[in-house]
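**Q** Below you will find the structure I want to go over with you.
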Amino acid sequence: MHPHDQTIFALSSGRLPSAIAIVRLSGPHAGAALQMLAGKMPAPRLVTRALLRDPQGEPIDDAVVLWFPAPASATGENVVELHIHGSRAVIATLFGVLSETPELRPAEPGEFTRRAFENGKLDLTEAEGLDDLIHADTDRQRRQALRQLKGLLGDKVRRWREQIIEAAALIEAGIDFSDEGDVPAELLAPALSRVQQLLLEIEAVLAAQGRAERLRDGLTVVIAGPPNAGKSTLMNQLARREVAIVSPQAGTTRDLIEVQLDLDGYPVTVIDTAGIRETDDPVEQEGVRRARDRAAHADLVLWLSEHDGAEVERQGETPLWLVRTKTDLDGAERATRPDTKASRTFGISARSGAGMGALLDALVGFARNFFGSTESGLITRERQRQSLRQTADALQRSLDTVDLGEELVAEELRIAALALGRLLGRVDVEDLLDVIFREFCIGK
């Protein structure tokens, strides 16, 4: 049996218990399942109240039901939504009835979205945008995901693909109808001009790809420094909750502690690390090793010090700010050594809050510069970048092979069009689909 001959069902709303739960069904037998549960079919796309019953006539729950006949539905199939009370007992009873119904089965993760993709309701870039929207933690991530979900990248790729196919058709028509075998200049010149313009557009998108991808992944800030310098206190201040143990005893933090922050809409992961020092304790040694490793791979290191920063360790080329802590404990302004290798210096008291505003403002400014103008970023995933890179390379080869024969030019354009088709998920991507849609939750 083909998977689409089966009707799937899943809880599409949040964790139970809840005030309302939404159960979604999709497939050829969704309507029959609704008829069985509600006793009658509601009008399409009209909110209808119904008492759901099991096959023995026992009430399950009072519900609001919606019926979306194919193809005018989210998945392109017959779709039913059951809005019921978010009780674990109600859901268990309903799922028991559905599971015992022939040709109905529980949905796999992402299966509703995959069916929508396979039925042409959205392309692969829009499906990835939906996944990004589900996992968005900040407003800027939400806006970026919505742009992709609405087809900003997909529409542009479709237009590029159509223009490449048109250019290839012009060249192939010239080959087919030319007595000498050479494409007439009046056909070749406009085709190559169009290819050159497309190449410039695609290269511009590739040049800006890092911004959107960085916004999706977020900025990593590591808090490092010697033991008892106030790292965990700063971590708690930034998180605005107790996420790290604060103790006057040195070496309290042995492992990495991560917290996700939203700084002016920018996603930031802050990592508290073990105090860096020489030690004979093997557990603490491992903590120090991990601290140095994360600092080397961070986007920014905040090096905390009670003193003048003489003990600063800089890992690689990672930007480093010196943050002098506990300024409320010394009455005089402390000088900073000129050879600390820190690009910026701040003085704070995490306990009193002095200096925290300036540090936060600086972090927001760093994030703004790090992410750049994300409005122009379209590529959020490595898969998308690779497909566009393959397209641009094929277009460049088509321009470079003009003197070797128009057949080679047309072949390179065909390769470019295929790469864009893979980006949209329309050709040669079957192996990717399971990987992509497994990232979705069940019920989506």
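Yeah, the Cβs are placed from backbone N, Cα and C, and that goes for glycine too.
Okay, these came from Swiss-Prot:
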| type | residues | note |
| --- | --- | --- |
| BINDING | Arg24, Glu81, Lys121, Lys444 | (6S)-5-formyl-5,6,7,8-tetrahydrofolate binding site |
| DOMAIN | 218-368 | domain 'TrmE-type G' |
| BINDING | 228-233, 247-253, 272-275, 349-351 | GTP binding site |
| BINDING | Ser232, Thr253 | Mg(2+) binding site |
**Q** Tell me which residues of the chain lie with their Cβ under 8 angstroms from that of Lys121 ((6S)-5-formyl-5,6,7,8-tetrahydrofolate binding site), as long as they are six or more apart in sequence?
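**A** Same-chain residues close to Lys121 ((6S)-5-formyl-5,6,7,8-tetrahydrofolate binding site) (Cβ under 8 Å, separated by 6 or more) are Ala74, Thr75, Gly76.
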**Q** Could you tell me the mean pLDDT the prediction assigns to the domain 'TrmE-type G' (218-368)?
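**A** Taking every residue in the domain 'TrmE-type G' (218-368) and averaging pLDDT yields 79.
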**Q** Going by C-alpha positions, which of the binding-site residues (Asn228, Lys231, Ser232) is nearest Arg24 ((6S)-5-formyl-5,6,7,8-tetrahydrofolate binding site)?
**A** Ser232
**Q** Three-state secondary structure of Lys231 (GTP binding site) from DSSP?
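**A** Looking at the DSSP assignment, Lys231 (GTP binding site) belongs to a helix.
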**Q** List the Cα distance (Å, whole number) between Lys231 (GTP binding site) and Glu81 ((6S)-5-formyl-5,6,7,8-tetrahydrofolate binding site).
**A** 50
**Q** Around the C-beta of Ser232 (Mg(2+) binding site), how many further C-beta atoms are within 10 angstroms, looking at every protein chain?
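**A** Taking every protein chain into account, the count is 24.
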**Q** If we check Cα distances from Glu81 ((6S)-5-formyl-5,6,7,8-tetrahydrofolate binding site), which of the binding-site residues Asn228, Ser232, Ala274 wins as closest?
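**A** Answer for the nearest of the binding-site residues: Ser232.
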**Q** Run through the Cβ atoms and count how many others sit within 10 Å of the one on Ala274 (GTP binding site).
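**A** Taking all protein chains shown, Ala274 (GTP binding site) has 26 Cβ neighbours within 10 Å.
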